[in-house]
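Trainee: Next up is a structure, given as structure tokens.
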Amino acid sequence: MDYKSSLIQDGNPMENLEKQLICPICLEMFTKPVVILPCQHNLCRKCASDIFQAANPYWTGRGSSVSMSGGRFRCPTCRHEVIMDRHGVYGLQRNLLVENIIDIYKQECSSRPLQKGSHPMCKEHEDEKINIYCLTCEVPTCSMCKVFGVHKACEVAPLQSVFQGQKTELNNCISMLVAGNDRVQTIITQLEDSCRVTKENSHQVKEELSQKFDTLYAILDEKKSELLQRITQEQEEKLSFIEALIQQYQEQLDKSTKLVETAIQSLDEPGGATFLLTAKQLIKSIVEASKGCQLGKTEQGFENMDFFTLNLEHIADALRAIDFGTDEEEEEFIEEEDQEEEDSTEGKEEGHQ
């Protein structure tokens, strides 16, 4: 809500105006010059200089012979980061409008009579204003309390001097807190950057790991296809051989069947002369056909395919042992084995000598 709507809503416009003219650092009304930040919030130049110095302790001020590149700090109202040039706070523009409003407000306040209750009054002496500070009890009080009251044995000091001291101390605390908040924000930014880089690195190594496993899958698929092709080739060769034997035996069977039929018909021939004309040749054909039983055969176990059995236990163990860093360990193990073999070879040569 801006100060105009606040003035309309509340009953006392001057009090609400005063709230709009309070510096968020010193908690007092803005003092000239008033600087305006890039985020449109206002600060006293001195307060802006204090938080700028707290956030940039090594920055060299005006008049120094050392040239600095500037610095940065965060607006205490909205936490917007303000980046300064080499002029520092003196490079910020003055808010003349706010300064004119402050002048008009102070003139209006000076023309109004002092209202009762505008200054804190003592609880023990209702007609006495609080005008001193008890250093012993660390509380503000009135002169009557010092002379006749509970603070007559205490050490006191002028209220204004204590007020300025504690105000300065509070201002320093605010500056330190603002600087601490900037450091915390810097740490948060660094941690957020770490999260982002961690995600990017994780994504990269995941991609690399996936590519390596895809390569292994491709090698396995290629090897699988090669071995299956060899089995298929062996299968086709054996089947071709067996089918050729089946064809030969089938042809021999057909011939034998026809000879049997012919021989049976010859036996039914009643005439001896007719029978003898064909009997000798028929007997010779039957004898030759009987020798056909000596055709080729398959050896025992011909149909077995045990030759293509694989023992992949050691490869399966190697796959199960895949882990991060194993490549370096395997290289070290191989180097140790090579060194042991070299030592053993040298020992044997010395023994022969």
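Glycine residues also receive a Cβ, built from the backbone N, Cα and C atoms like all the rest.
All TrEMBL annotations are machine predictions without curation.
This is the feature table in TrEMBL:
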| type | residues | note |
| --- | --- | --- |
| COILED | 217-266 | coiled coil |
| COMPBIAS | 325-344 | compositional bias 'Acidic residues' |
| DOMAIN | 23-79 | domain 'RING-type' |
| DOMAIN | 117-159 | domain 'B box-type' |
| DOMAIN | 267-325 | domain 'COS' |
| REGION | 325-353 | region 'Disordered' |
Trainee: Taking a Cβ cut-off under 8 Å, which residues six or more beyond the ends of the domain 'B box-type' (117-159) line up next to it in the same chain?
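Mentor: Long-range Cβ neighbours of the domain 'B box-type' (117-159): none found.
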Trainee: So, by DSSP, how many helix, strand and coil residues make up the domain 'B box-type' (117-159)?
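Mentor: Each residue of the domain 'B box-type' (117-159) counted once, the result is 6 helix, 11 strand, 26 coil.
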